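What TrEMBL annotates here:
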{"type": "DOMAIN", "residues": "7-52", "note": "domain 'Laminin EGF-like'"}
{"type": "DISULFID", "residues": "C25-C34", "note": "disulfide bond"}
{"type": "DOMAIN", "residues": "53-100", "note": "domain 'Laminin EGF-like'"}
{"type": "DISULFID", "residues": "C53-C65", "note": "disulfide bond"}
{"type": "DISULFID", "residues": "C55-C72", "note": "disulfide bond"}
{"type": "DISULFID", "residues": "C74-C83", "note": "disulfide bond"}
{"type": "DOMAIN", "residues": "101-147", "note": "domain 'Laminin EGF-like'"}
{"type": "DISULFID", "residues": "C101-C113", "note": "disulfide bond"}
{"type": "DISULFID", "residues": "C121-C130", "note": "disulfide bond"}
{"type": "DOMAIN", "residues": "148-183", "note": "domain 'Laminin EGF-like'"}
{"type": "DISULFID", "residues": "C171-C180", "note": "disulfide bond"}
Amino acid sequence: GRTCEPCQCNNSTDKCLRSGECRDCQHNTTGFYCDKCVTGTYGNATAQQCKACDCNVNGSSSSLCDHVTGQCSCKENVVGRDCSRCKVNSYGFGPAGCTECACNVHGSASLQCDDSGVCPCNLEVIGTKCAQCKTGYFGLPKMTCKACDCNVDGTVNGTVCANDTIGQCQCKSGVTGRACDKC
């Protein structure tokens, strides 16, 4: 007859069929030789190191993960092995994932907003996304805000430049130029 050979089940069970197929794999392992992690776990099955995926319910699109790395499938703008935090320059971690901050690159002191989506603005800038120059400044959204510097003699008293990308000052009759400095 045939001789009995020990099961080759990576120390996860001592039960196997005559074919060598392992039975009743332990330590969250499965497969012919108990050499794979069961669904919902990851790690090194041959060393009995299969761990639960523990994907974050809010941040991941599934409770399953990569069976080797443990990387869960993250929702939009969410990062981390377990999908538990917003990616840089995003906010509002929740069931829908995270939202991109969308801070104006020229008007913001940083592209990272706070937990309510408000961006930190440069001194001469206003707005939740830092996309508008304060009164007396112009330039956004295409460049950083600059002071109007309207020519006092050529500008209508009590006015400031347009709060846009050009910054045209309100010139007196017969005066031209962005800063009302030409006749």
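Cβ coordinates are placed from backbone N, Cα and C, and glycine is handled just like the others.
Positions of the features from TrEMBL, shown on the structure.
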residue	record	contacts (Cβ under 8 Å, 6+ apart)
C25	disulfide bond	C9, S12, T13, G31, C34
C53	disulfide bond	G40, T41, Y42, S63, L64, C65, G70, C72, D82
C74	disulfide bond	G59, S60, S61, G80, C83, G97
C101	disulfide bond	N89, S90, Y91, L111, Q112, C113, G117, C119, K129
C121	disulfide bond	G107, S108, A109, G127, C130
C171	disulfide bond	G154, T155, V156, G177, C180
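Here the domain 'Laminin EGF-like' (148-183) has Cβ contacts under 8 Å with residues 132-133, 135-142 of the same chain, all six or more residues outside its ends.
If you take the C-beta of C55 (disulfide bond) and look for same-chain residues 6 or more apart in sequence within under 8 angstroms, you find S62, S63, L64, C65, C72, S73, D82, C83.
A mean pLDDT of 96 is what the model gives for the domain 'Laminin EGF-like' (101-147).
Counting other Cβ atoms within 10 Å of each Cβ, the disulfide-bonded residues C34, C65, C72, C180 show the lowest value at C180. Its own atom aside, the Cβ of C130 (disulfide bond) has 27 Cβ atoms within 10 angstroms in the protein chains shown.
In the three-state DSSP scheme, C72 (disulfide bond) falls into the strand class. A sphere of 10 angstroms centred on the C-beta of C83 (disulfide bond) encloses 25 other C-beta atoms.
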